[in-house]
Amino acid sequence: MKALVKAKREEGIWMQHDVPVPEVGVHDVMIRVTKSAICGTDVHIYNWDEWSQKTVPVPMVVGHEYVGRVEKVGAEVEAFRPGERVSGEGHVTCGFCRNCRAGRRHLCRHTVGVGVNRPGSFAEYVVIPADNVYRIPDDIPDDIAAIFDPFGNATHTALSFDLVGEDVLVTGAGPIGVMAAAIARHVGARHVVVTDVNDYRLDLARRMGASRAVNVAKEDLRAVMSELGMREGFDVGLEMSGNGRAFRQLLEVMNHGGKVALLGIMAGPEPIDWSQVVFKGLQLKGVYGREMYETWYKMVAMLQSGLDLTAVVTHRFSIDDFQQGFDVMRSGRSGKVVLDWGAAR
């Protein structure tokens, strides 16, 4: 089959046409991929950075954001049938550790990542356990279904705390950050402010519904807060940037008793002023992946109740033009990039 493969321990990803079709175990589902999306993780793997070198075995079929149709099911699978439109949870869990057995599978210490530690979805076919397959309702378009993985990250982070009537700061205007901003507005936040230094992505945040999108290299965040009539500080902070300076600024402008969810991953150890956390009585929560499968139910429900993510998909290419997709993702001038397998030559 055709697939995008991390075939060498160097920068790049390569199209190969002779990749073996993955085998279907008795509890597995084979999915014929129709659309894939490029994740920031895929860019890290493309760049072959330090994390990728330590994490990804080579060769590896990459990719974990996709939508497709069931092609084949294992002998013990009864919940799905060929032809159904589905996506899949990208974290494959052990099912036996304490967290898995308690229903907290997103905290499994033995998690294996699709497209990172096992063959992924930048391929004509991907095989995952039936427990990881999620059926997509007919009223959700393919482009949005293909980005359920990062949409799930945004949902899990944004809904970590009650947002109704709250003032929310989102640090980082990447695709997950701007989706989190849209979610916050959808569920009833008062002011949603997004910060970054990338004007392209700040404009995307505005189109996704942010009250204000602030380039902190050019604007004073506290002045923006005053302009919005905020007298104390932000009630909820969503750290999506993985940037230490942005996180420190977030702590400075949080209200006493505020709550902070962190999804962004710092490149290394970062100093912070712990007195901001202690004396303000802040709550900090680390977020990983998606709650299985409460996050997925909430994603569908929000889309069906009017949440509009259309603007976050900014570029579309045939899978044969995947290099253009990676180039635009690496430029920083894009939202989500979707690759169409149906348009392949």
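In case you wondered, yes, glycine gets a Cβ from its N, Cα and C as well.
What Swiss-Prot says about this one:
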- Thr41: active site, charge relay system (ACT_SITE)
- His44: active site, charge relay system (ACT_SITE)
- Cys39, His64, Glu65: Zn(2+) 1 binding site (BINDING)
- Cys94, Cys97, Cys100, Cys108: Zn(2+) 2 binding site (BINDING)
- Ile176, Asp196, Arg201, Leu263, Gly264, Ile265, Val287, Tyr288: NAD(+) binding site (BINDING)
### Message
Quick check on the binding-site residues: of Cys108, Ile176, whose CB has the lowest count of neighbouring CB atoms inside 10 Å?
### Response
Cys108
### Task
Given the binding-site residues Cys39, Arg201, Tyr288, state which is nearest to Cys97 (Zn(2+) 2 binding site) when distance is taken between Cα atoms.
Tyr288
### Query
How big is the gap, in Å, between the Cα of Cys94 (Zn(2+) 2 binding site) and that of Ile176 (NAD(+) binding site), rounded to a whole number?
27
### Task
Sort Gly264 (NAD(+) binding site) into helix, strand or coil using the DSSP assignment.
coil
### Query
In the structure shown, which of the binding-site residues Glu65, Asp196 has the fewest other Cβ atoms within 10 Å?
Asp196
### Query
Nearest to Cys100 (Zn(2+) 2 binding site) by Cα, among His44, Arg201, Leu263, Ile265, Tyr288 (recorded positions)?
Tyr288
## Note on the structure
Cys94 (Zn(2+) 2 binding site), Cβ-centred 10 Å count of other Cβ atoms over all protein chains shown, is 14
### Additional residues around Zn(2+) 1, ordered along the sequence, whose Cβ is within 8 Å of the centroid of Cys39, His64, Glu65
Ser36, Ala37, Ile38, Thr41, Asp42, Gly63, Tyr66, Gly90, Gly115, Gly120, Ser121, Asp149, Pro150
### Task
Please compare the recorded positions His44, Arg201 by how many other CB atoms fall within 10 Å of each one's CB, and tell me which has the fewest.
His44
